[in-house]
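Here's what Swiss-Prot has on this protein:
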BINDING   579  ATP binding site
MOTIF     40-51  motif ''HIGH' region'
MOTIF     576-580  motif ''KMSKS' region'
């Protein structure tokens with residue numbers, strides 16, 4: 001009787017569900033381990049083979065930790081708000097709730113068929129009002145703390161679609177859907193003040209066990225730089241332009257200023273004769289994405305405003321230009337151009353015949369900008385100074401003139417938090433007719449997303465919620481004042497910022513989570529997910545966590561202690577899997593043909609967990625063959641337990657068994673599952689060669705296999721005569737003294753020629769080695785009739801006899 005995966009997998013999945021095998025108790029006194037997966041967006045396409053890779057890794061660790069006596073929290077949920085469901089609703093007129101519900105059912109079925117040990121009683125869904133009640137509650141805390149504010153922000157407005165698009169939905173200035181023109185236009189938006197936490201987000205990275213590459217991505221995104229704020233007065237205007245620069249020492253080389261086309265001063269300072277050209281340029285640049293505008297390969301463009309600024313240290317007039325390579329979202333949206341020492345400024349100055357003044361010696365500015373170090377020249381009081389000294393001196397001079405100060409700048413922008421969408425958490429704010437605004441009282445949360453059979457763009461740039469009068473219009477019962485609810489909704493990031501906290505106490509209707517439980521479970525011990533979330537999701541979650549820490553809601557400064565990014569599973573030809581290429585592998589098909597255990601084993605055996613590796617049907621077949629070999633070793637054709645498994649130890653497998661326990665334990669700790677599986681294969685090969693298999697070794701092997709292939713693990717454990725699930729059985733231990741052979745083979749040489757090979761106990765003394773060598777029949781023949789001049793014994797290696 002062969003290994004019937006369909007029967008066995010169904011049997012144990014039912015057993016786990018019926019017995020709630022993986023239900024996590026809040027035993028606050030027990031040592032804990034919190035293993036977290038990045039929860040999925042439940043798309044219409046269902047699970048693909050990339051999902052189970054990370055999920056299998058956390059599941060192996062969770063099962064391993066349970067066997068080590070840990071209280072393990074291993075939950076799963078759904079990041080279910082988001083654009084695809086909204087798009088489906090717009091295209092079909094159907095409510096996204098039903099679409100989302102069906103997708104979740106599919107995902108859940110697929111995940112359960114893979115045998116993951118989740119505690120389904122802790123399942124969360126970001127679209128559940130009992131969940132987003134607390135997302136809204138967190139928003140109110142941010143608002144009360146002054147961290148949520150309304151600002152005019154340029155957005156991607158598509159008149160034809162009557163809606164605002166995300167950057168991802170705009171390709172080359174037109175909408176991805178339909179190819180309609182898209183314009184940048186300012187709109188009132190909710191923004192979160194993440195910049196207030198920039199330094200802490202940067203500094204606390206050092207305390208985390210994260211891949212260095214991810215930490216660097218976050219550091220670069222935050223982009224802390226030290227420099228100066230310089231203020232340039234505008235000629236004949238009661239206004240000035242603030243610039244942030246990391247090189248205030250080059251101020252003597254400034255020959256013009258450049259503003260972003262959206263800068264608030266552009267319209268005010270532009271002269272009459274330049275107005276038309278400036279307006280046209282502003283309109284043209286509104287059709288470009290930030291990426292296009294900052295593309296270094298593209299030809300620089302710009303327009304002179306007709307206005308001039310004054311250099312605060314030289315008193316010279318500097319023409320003010322606008323150019324789209326300067327973004328309003330970075331720094332102050334204004335640049336002091338030093339073309340002699342900046343490549344972009346050099347290119348711009350060369351194109352528009354603007355002066356190029358050298359202020360740092362060492363280059364040839366007739367040919368190109370010099371960006372190296374050198375002595376300052378043509379720089380007044382800075383002449384002769386090196387870079388560092390000159391920067392300090394320049395700031396000193398600016399401060400003395402009241403024209404600047406030392407400043408730290410961040411590339412990080414405040415987080416644009418509102419979306420002009422229906423399918424998201426309603427923002428709990430009311431705008432009153434007297435111009436004030438208030439948050440919805442906490443006791444009235446959740447503010448429910450209204451159900452509607454007509455989800456269509458408002459046409460005004462507001463979300464479709466603006467069409468629903470009974471939602472929008474409110475009256476204050478106490479004062480009779482009229483108000484309008486906020487119609488923007490939260491971004492998909494909101495629900496995923498804090499979901500790991502709700503798993504800790506998912507049914508608490510009085511608070512986000514019980515403080516004692518938070519204290520027990522935080523921080524997350526292991527977080528596994530794709531590298532595509534390296535910056536935004538992790539940064540936003542860390543930001544919210546720090547705010548909640550400051551409010552006394554959570555007890556730790558950081559949410560995720562250890563982070564690991566699994567690699568990507570590619571198609572057979574090393575290409576990314578995609579529907580268009582027709583190379584997507586559906587896990588349902590594999591579970592049906594090979595079994596869930598085979599899929600889990602194969603994805604862990606493909607290579608290192610963080611590597612990008614191509615899918616291979618041969619590799620999949622090989623993994624199945626290994627499980628078949630294991631089955632045949634343990635189970636006879638008639639289904640009975642193999643009589644090779646015995647209660648007496650003949651010591652033949654001592655060494656390989658103990659080596660296997662040691663190797664698998666170490667590899668599970670370091671997430672090197674591929675090499676752990678290799679060692680399990682070595683053990684099985686030796687078992688096939690052995691006369692008998694000591695039953696405790698057979699059981700130990702099954703315990704090590706079970707976290708990777710849990711269904712066959714449970715079945716073999718059961719067939720070995722055990723009554724309980726293998727889930728909470730103690731993890732095997734190894735005996736150091738058995739990691740090496742108890743006997744060694746030594747050679748015996750007579751006059752340099754090998755005459756015998758002996759197996760002797762490892763701890764045999766030199767004297768005993770000599771005696772054993774001299775007793776050997778071959779040795780006796782070789783030294784017969786000769787005088788023994790010398791005997792040299794090297795423990796565990798050889799005995800050399802010199803005889804004449």
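Each position is counted from 1, following the chain as shown.
Keep in mind that glycine also has a Cβ here, set from the backbone N, Cα and C atoms.
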DSSP-assigned states of the motif ''HIGH' region' (40-51) in counts, ordered helix, strand, coil: 1 helix, 0 strand, 11 coil
Folded-back contacts onto the motif ''KMSKS' region' (576-580), same chain, C-beta under 8 angstroms, at least six residues removed: 45, 48-50, 568-570, 615
The motif ''KMSKS' region' (576-580) [mean pLDDT, rounded to integer]: 76
CB contacts for residue 579 (ATP binding site) [other CB atoms within 10 A, all chains]: 9
Secondary structure composition of the motif ''KMSKS' region' (576-580) [DSSP: H/G/I, E/B, coil]: 0 helix, 0 strand, 5 coil
